[in-house]
Structures are given as structure tokens and as C-alpha cells.
């Protein structure tokens, strides 16, 4: 029986990775939820938007690195982040003017906008592939670990080493700052309040003189920031693969819907619910159980509830359960 | 000529243009590539017909096309591959037992849910049944899986199929896809359209995960090669006297000739399936059932007020559409001769089919067929056309220049961009598609 070692093993393989992944999903889901709240459609191009933002960050990082610019122990990508947001914002605003604006004007059905967004998804996917190709890119530099497994073992005298990657800490810190800034904006500023009013009741907002086009523009700017940060953090933590963001679409949507689509707080909660369930259910608990069991008994199998390939099934199952029993999500979202 | 006559005369014109496009490939590239495009175009047309049934007839937004296509592929393996007796004796019975127990647990949970009074006890009992059931299921399944996968893993390591003729796999693919669709529809059809979309997106990924992961069923990422064919082998043809005589009469090289002959046979089979499906769908559309479906699509509330069972009809049409997609998936895997689960991508197998339906004209079966053929043609030909354009533009440039090499490399990805632009342009300027619904 060795509770400390068991806890360290659990933290190492479940707690810390799931927290970082949850923060990334939450940022992605916030983008989806904002678009849903204001523009009232599910944006299938959101995964590609994250991919595009991350790509710009990767390219600007490479440029900075070639100039010898760096942040010391922190990844250079943090410096490149604002440029990524800027370029993504330009892309989203252009897309809105060229594509989405027309459908707002003719008051198209939401499902029409979803189909339109799949067209945008194709275009963005093509653009990303044409600019950087499809290969894997690592762009994290600076210190790799904040807490190193070997140092931790020497310091604590435990058998199990604890490793915390710099990118994981950065993910959580950046996500916290972003979310705090977003909530301050939505709740405290005049513009943010007008956005929430527009999302709650469009007609009433229009009557009180809120300019809808301005609200839409600001939404796209926020979405650009959220998507780029989410995409870049995910790429920093794992590595940048253009097609991986396509696969993030499902957990991101699941997070937004589970939390209650249209509700920013729900998106964050949903992100962590999905991330923790995915990682916990697909982690092989053999090590943890071996530490916890008396003497040196250890289970025969890996004690893995589901193979890692089934992580989609986990997001999906949670999504279906929530939709069946609480259709508006954990936090009350919109239900049109 | 009146306006309706104009519209009527447009379809044959478009199909003629399509035939000319494919013939142009035959003349400029090779007849082999032209027939490949034709065959996959016909299969794509069937997928588009399935989506059109769901979207065009009933307004159901299904983005899980990939999953149903993949199930069709699985059906080919399960139907036509010879069984592996060693694997069956190693763990076949136990697998079946595990699956039966799994189904019984889920059915039992559903019954409990209906029978027990609402409240906290019900939730607790249900959770306990499901969790214990899951462990029982894994306890039965895991050793059997390990035993089966240990049987000669390099060539089999799976249960194999039933060893039946491969053509039978096509309807079986439809049945498998229909079964999966029924499960999805039972849980998700009552939801809003974009929730249904996310649910279908999820189920497609799960089907793929099962096929990649359950080696005992489909050999997973090790793929199943050498699937039986409904048409003769090229090698056998090249050795058959009657075929060689025929080739002499046409003045054709027997190697190329045999491959073209096989592709033509496939094309005939696929055409027969398309004609069958289109005829059935056109008859259904013109029947009272078809009118009811369109009435439901155009105004659900009004149709419901008239006493139509909207959810029931949606379920029916969702399952039928998925069955058609499953048949197309089985046909595709038969044509490929192998099942490779890693090649299924949502962009290619779900969203591309959507482009086909929208461009062809949602609600119109001939439109779906035309869209399927045309978009598949472009999907294949955009790359060579793009490369040709780049070559013309950069012909003045030095061959070794990195700019030129870069451009040529980029052209390979142009198909995604092109498909997106086509979809957006059609949606914006001609939302009813090339052949609009009558």
C-alpha cells in the first residue's frame, strides 16, 4: 500500500494531462459557443480555424527563431501568438463579409449556415495544406520540463517520478488569463454587455439600438483569439499536425453542448468534463492499482477500461447522455 | 418551348456533357483512368442518392456518411472472406457469448428504465447494471479476443467471414448500415438538427474506431487484402483463349484490354444497381408516401397536425438512406479489393458527398447522380489540371527553381480548396443545384 506513489502516478498520467487537454478543449468550446450564441449556427469550420491560427503561430515562431528571438525558458510561440490572432481575425472577418453576411441578410435557416460552414471548412483545410503541407511540426522551444521526473524522485524519495511539461503549465496559465479577460469583457464592458444582450434576445437588442454588425464583428474577433490560442496551445503541447484539428471538432462540440451551448461558463465546464472522462477511461490503471494494493500483488491485465482509440466514444457517450437527460446542457444553454 | 420543357431538357444535356468529360480523360490520359473515374463516380452517385434521400426528401442533416460507408466495407469482409476455423475454435463461441450478453445487458437496462418508477433508485440500479454488465462483457470478451488474435497474426488473426459470394455483401452492407442507423435514429432523431449532425459525426468516428481496434473482427489496421471479386481476374483473362481472340479482333494489347474489360464489367454491375435504386426512389417520390415526406420536410408542424407520425417517418427515411450508403460502401470495398480502415476520412467520405448532393440539386435524384459523377471527376482531375496550369505558367522558369517545385507541391492540395469554393459558389448563386427539385 503506497498512497503517495499511487497519487503521483495518477497525477502524472491523468490529472496533469487531462487538465491541460481540458483547458485546450474549453478554449475551443468557448469559440463554438460564442458563434452559436451570437450568429446562431454550429460552425463546422471551427476545427480548421484552430488549425489555421496554429499554423500562423508556427510560421511566425519559425521566423522569430531564425532572427534569434527567444523568451528564454518560455516557448517563442508565445511571442508569435498575437500575430497569429491578428491574421486569423483578418481571415474570419473576410470570410464573414464574403460568405456569411449574405445568409444573415436573407435570414437563412441555421442548418443552411451549417452547410455553408462545411464549405468554409474545405477552403480553410485546403489553404492550410497548401501553405504548410501535411507533415508534423514541433515548434515548442525553451525549457521542456518545469518539474523533471528524475529531480522529483531525488527530491521526494518516491519511486514514481512526477513530470510537468512547461507547455502544460503554459496551457493552463494562458487559458486562465484568456478566460478571465473574456469574462471581464463580456460582463464589465459596454460592448460585452451589448453582445450578451444580442445573444439573449435579438429583437430587444435591436430595439435598444445595438448595432448587430458591430456585435458580429466583435464576436469574430473574440473567436479568432480563442481559436488561435486553443490551436496553438494544443500544437505546443502535442505537435502541430494540420489534420488533427479536424478530429478535435467532435470533443470541442461535445464540450460546448454538454456545458450548454451558448453559455460560456458551460463551455469551460464541458471542456473539463470531456477531457477528464476521456483520459480517465482510456488510462491503464495497472500501476496505480499495484501501488494501492497490499503486498506486491498486481493485476494481470492493464486495467484499461477502454482502448485509447475509443476516446471519441467517450465524448460521444457523454454527449448523448446529457442530451437525453438534460437537453439544455449542464449549465442552462440556449435551446431553440 | 415553355419553361418546364427547358428544365426537362437540361438533364440529358448535363449527362451528355459528363460523358464527354469522361471520354476526354479517355482520349487525353487513358481509357483505364477514364473507367476508374466512371466506376468511382457511379459509387459516389449512390452515396449521394442515400444522402439525398435523407436531406432532399426529409431534411435530415446526416454527417456520419463515412461511418455507413465503412460498415458497408466491413460487410464485404464478413460476407465474402473464407472463415478461419482455427480462430473460430480458439474463441469464436466465447465472442458470440460475449456479444449476446452485451446486447442483453443493454436491452435489460432499457427495460429497467421503462419499468421502474422514476427516481434516484432507478438511476442507481441502472448505473450498477451497466457497470457490472460492462465488466462481465469484458471478462467474456477479452480472453477470446486474445486467443483469436494469436492465431497466425501475420495472415489472419481474425474470425474471417462466411465465405459467401461477394455480391451478397452489397445488400448485407445495406443491412449493417441500416442497423447502425436505426440505433442512431432511436437516440438522436428527436434532437435539433445540429445536435443530430454532431451525433452522426460521433457515431461515424466510433464505427471507425471499432474497425481500427477490433482486430478479431476486421483485422484492424492490418487491413484485409485479397477480397473475392464478382468479376474475373485480369491474369485469368490474359490466359483465356476466347479473351485473347477477342483482343486480336479489337487489335488491343491483352494486358490493357483485360484491365479495361474488368472495369467495364464493374461499370455494368454498378449501373444496374444505380438504375434499381433511382427507379425505386423515383417511384417512392411520386407515391403518396413521397408526397407525405415532402409535406413533412416543408412544414413539420402542419404535417403533424394532419396526423402524420413525423418522428416515425424520419426514422424510416434515415434508415433507408443509410442502407443505400452502406450498399455503396460495400461496392467501393469490392472494387478496391481490400478493406483499409485508416483510409476513411470525414472530409473525403462525408463532406465530399454533401458537396455532391448540394451541387447536383438536393431533392432531385438525377441531380444527386450527376453531382456524384461530376464532383468525383473534379476531385480526381483538379490535381492534373492544376499541375498542367502551373507547368504552363512556369514554363519560362528554370526547372530547378524552388518556387516552381513549391508550386507543384502545393497543387496536390488544391482539391480541398476547389471543393470548398465550388460548394460556396453553388450555395450562394444557385442554391437549388444543377438539376433543381421539380
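The backbone N, Cα and C atoms fix where each Cβ goes, glycine too.
Under the heading transmembrane segment, TrEMBL lists B:12-28 (among others).
Sequence annotations record features per position, and here TrEMBL assigns transmembrane segment to B:34-53 (among others).
The feature transmembrane segment is assigned by TrEMBL to B:60-81 (among others).
A Cβ distance under 8 Å defines the sequence-distant neighbours of the transmembrane segment (B:93-112), meaning residues of its chain 6+ beyond its ends; these are 122, 125-126, 129-130, 133-134, 136-137, 140-141, 143-145, 147-148, 159, 216. As annotated by TrEMBL, transmembrane segment applies to B:93-112 (among others).
According to TrEMBL, the feature transmembrane segment maps to B:124-141 (among others). With a cut-off of 8 Å between Cβ atoms, the residues of this chain six or more beyond the transmembrane segment (B:124-141) that come close are 94-95, 97-99, 101-102, 105-106, 108-109, 112-113, 116.
What TrEMBL lists as transmembrane segment is B:161-183 (among others).
TrEMBL lists B:195-211 (among others) with the feature transmembrane segment.
Feature annotation from TrEMBL assigns transmembrane segment to B:264-285 (among others).
The transmembrane segment annotation in TrEMBL covers B:315-335 (among others). Long-range contacts of the transmembrane segment (B:315-335) within the same chain, counting only residues at least 6 positions beyond its ends with a Cβ under 8 Å from a Cβ of the stretch, are 39-40, 43-44, 46-47, 49-54, 57-58, 60, 62, 65, 68-73, 75-77, 166, 169-178, 180-182, 184-186, 189, 227, 229-230, 266, 270, 273, 277, 293, 353.
When Cβ-Cβ distances below 8 Å are used as the criterion, the transmembrane segment (B:347-366) is approached by residues 11, 44-45, 47-49, 51-52, 55-57, 63-66, 69-70, 201, 204, 278, 281-282, 285, 325, 372, 374-376, 379, 416, 419, 422-423, 426-427, 432-438 of the same chain, each at least six residues removed from its ends. Taken from TrEMBL, the feature transmembrane segment covers B:347-366 (among others).
Nonlocal intrachain contacts for the transmembrane segment (B:373-393), taken as residues 6+ away from its ends with a CB within less than 8 angstroms of a stretch CB, comprise 18, 21-22, 25, 29, 37-38, 40-42, 44-45, 352, 355-356, 359-360, 404, 407-408, 411-412, 414-415, 418-419, 422, 434. Among the features that TrEMBL reports, transmembrane segment is placed at B:373-393 (among others).
Among the features that TrEMBL reports, transmembrane segment is placed at B:413-430 (among others). For the transmembrane segment (B:413-430), same-chain residues at least 6 beyond its ends with a Cβ under 8 Å from one of its own Cβ atoms are 347, 352, 354-355, 358-359, 375, 378-379, 382-383, 386.
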Practice item. Could you give the residue numbers and ranges of same-chain residues that sit at least 6 residues beyond the transmembrane segment (B:12-28) on either side and whose C-beta is under 8 angstroms from one of its C-beta atoms? Key: 34-35, 37-38, 41, 370, 373-374, 377, 381, 434-435
Exercise for review: For the transmembrane segment (B:60-81), could you work out the same-chain residues 6 or more beyond its ends whose Cβ comes under 8 Å from its Cβ atoms?
Suggested key: 47, 50-51, 54, 160-166, 168-170, 172-177, 180-181, 184, 189, 193-194, 196-197, 199-208, 211, 217-219, 224, 227-228, 314, 317-318, 321-322, 325-334, 339, 341, 344-346, 348-351, 353-354
**Study point:** Tertiary contacts of the transmembrane segment (B:34-53), as residues 6+ beyond its ends and Cβ separation under 8 Å
**Key:** 22-23, 25-26, 62, 65, 68-69, 260, 263-264, 266-267, 270-271, 273-274, 277-278, 281, 317, 320-325, 327-329, 331-332, 335, 349, 352-354, 356-357, 360, 362-365, 367-373, 375-377, 380-381
Study note, to complete from the structure: Within the same chain, the residues 6 or more beyond the ends of the transmembrane segment (B:195-211) and with Cβ under 8 Å of it are 60-68, 70-71, 73-74, 180, 183-184, 187-189, 217-218, 220, 341, 344, 346, 350
